[in-house]
Amino acid sequence: MKVLVVNCGSSSVKYTLFEMENEKKIAWGIVECGPSKSYYKRQTAVSEEKKNSVKVTSHTEAVELIINDLLDKEIGSIVNIDEIDVIGHRIVHGGDRFSRSVLVTKEVKKGLKECFSIAPLHTPAHYAGILAVEKMLPGIPSVLVFDTAFHQTMPDYAYMYALPFEYYEKYHIRKYGFHGTSHNYVSQRAAIMLGKSLNELKLITAHLGNGSSITAIEKGKVIDTSMGFTPLQGVVMGTRCGDIDPAIIAYIIKIHPKYRNSEALNALMNKESGLLGISGISGDMRSIVKAATESNKKAKLAFETLCYSIKKYISSYYGILNGIDGLVFTAGIGENSPVVREKICVNLHAIGIEIDTEKNNEPSSKERFVSTAYSRVKIMIIPTNEELMIARESRDCLRT
């Protein structure tokens, strides 16, 4: 069985083709599309990465390029299109309408369009990708896999905001959470590493990248997560502010008239804040760490603020879960920054979290434990694999 995973952004289409018998990647790549500087970068299991300039201005053209490439007699990975059994689409926001992965139907597409207003940066692009795939691959079923779906098990007291109730009823304003596909994947891997069923475990998973979220999981179900109605809430991130006093927004609008424009205000909090905002240097943790070691005070402050915000969520979720069995670090920073992991875990021995400095500093891209022998909580580094999780969800959805 072959599954084609598609992730449509506002100006790009990423794809991965899986052979599900052994869950191996056959081909993968990205088409960056636009009026200028568009390119196609691709790789297969038997060939090196190649990058070419292309003239692609739409999702439809990008999908057409990908399919033609997969079918190419010389460099392709399949002989005919019928080898693809199902297409899995990554969808960032499913609102409270979609609590699980679903096969694409007219009704599902109608429901997805209703989510445009709560995720205007992502959902229209996802929808365009679905239409492009339907045009190029008629007859092959598509499945939508939602980043928000894994978090739909949160109890109402965890997802509710203390606003007038009508804002929830009429406008569906509530906590949704994101990175669900990643949190789902690493929690399953953690159970395997610990040699136990997910139903026996209490876990905290930390997806730390340019965007970051922390999730509390009990018996395989999400109890709480740090991101909210949008991915802006929660811990300090690369360019996102995370949790702030909402009254600050009204104050900023008052002192800076340009922020009366909602797009400018949104850009301030999403693209100009976080590590970048505090340091004035970069939203990239690698640059921040380098500058901090060179005695840049703002970089050091940005680093410490981010790590402190993550530590607060971990400590809070430990209390909510009444103890945990494992703490998982994943995604770009979580997997690759030992200095961040150590800063977060230091002085958490009171709640059973003790990191082994030597293990933590070992360079490796594999799943591994980095806790001390005496740590009550097992600390794990687990590389995420959202594409594989989408492929699994698509396969399982097709079979049910």
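All residue numbers here begin at 1 and follow the chain in the order shown.
Using N, Cα and C of the backbone, Cβ positions are placed for all residues, glycine too.
According to Swiss-Prot, the Mg(2+) binding site annotation covers Asn7, Glu386, on the basis of sequence analysis. Summarising the annotation, Swiss-Prot assigns ATP binding site to Lys14, His207, Leu208, Gly209, Asn210, Gly211, Asp284, Met285, Arg286, Gly332, Ile333, Gly334, Glu335, Asn336 and lists sequence analysis as the type of evidence. Look at Swiss-Prot and you will find Arg90 tagged as substrate binding site, backed by sequence analysis. Residues annotated as active site, proton donor/acceptor in Swiss-Prot: Asp147. Taken from Swiss-Prot, the feature site 'Transition state stabilizer' covers His179, Arg240, and the record attributes it to sequence analysis.
Distribution of Swiss-Prot features across the structure.
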residue: Asn7; record: Mg(2+) binding site; CB count, 10 Å: 22
residue: Lys14; record: ATP binding site; CB count, 10 Å: 19
residue: Arg90; record: substrate binding site; CB count, 10 Å: 23
residue: Asp147; record: active site, proton donor/acceptor; CB count, 10 Å: 27
residue: His179; record: site 'Transition state stabilizer'; CB count, 10 Å: 31
residue: Arg240; record: site 'Transition state stabilizer'; CB count, 10 Å: 26
residue: Arg286; record: ATP binding site; CB count, 10 Å: 12
residue: Ile333; record: ATP binding site; CB count, 10 Å: 25
residue: Glu335; record: ATP binding site; CB count, 10 Å: 19
residue: Glu386; record: Mg(2+) binding site; CB count, 10 Å: 24
Using DSSP reduced to three states, classify Asn7 (Mg(2+) binding site) as helix, strand or coil.
strand
Cβ contacts of Asn210 (ATP binding site) (under 8 Å, same chain, 6 or more positions away):
Met237, Gly238, Thr239, Gly283, Asp284, Gly332
Sorry to bug you, but what's the C-alpha spacing from Arg90 (substrate binding site) to Glu386 (Mg(2+) binding site), rounded to the closest Å?
9
Please report the Cα separation of Lys14 (ATP binding site) and Asn7 (Mg(2+) binding site) in Å, rounded to an integer.
5
Please compare the binding-site residues Leu208, Asp284 by how many other CB atoms fall within 10 Å of each one's CB, and tell me which has the fewest.
Asp284
Candidate recorded positions Asn7, Asp147, Leu208, Arg286, pick with smallest Cα gap to Arg240 (site 'Transition state stabilizer'):
Leu208
Cα-Cα separation of Arg286 (ATP binding site) and Asn7 (Mg(2+) binding site), in Å?
26
Write down the Cα-Cα distance for Ile333 (ATP binding site) and His179 (site 'Transition state stabilizer'), rounded and given in Å.
14
Using C-alpha positions only, work out which of the recorded positions Asn7, Asp147, Leu208, Ile333, Glu335 is nearest to the residue listed as 'substrate binding site'.
Asn7
Of Asn7, Leu208, Ile333, Glu335, which is closest to Asp147 (active site, proton donor/acceptor) if I measure between C-alpha atoms? They're all binding-site residues.
Asn7
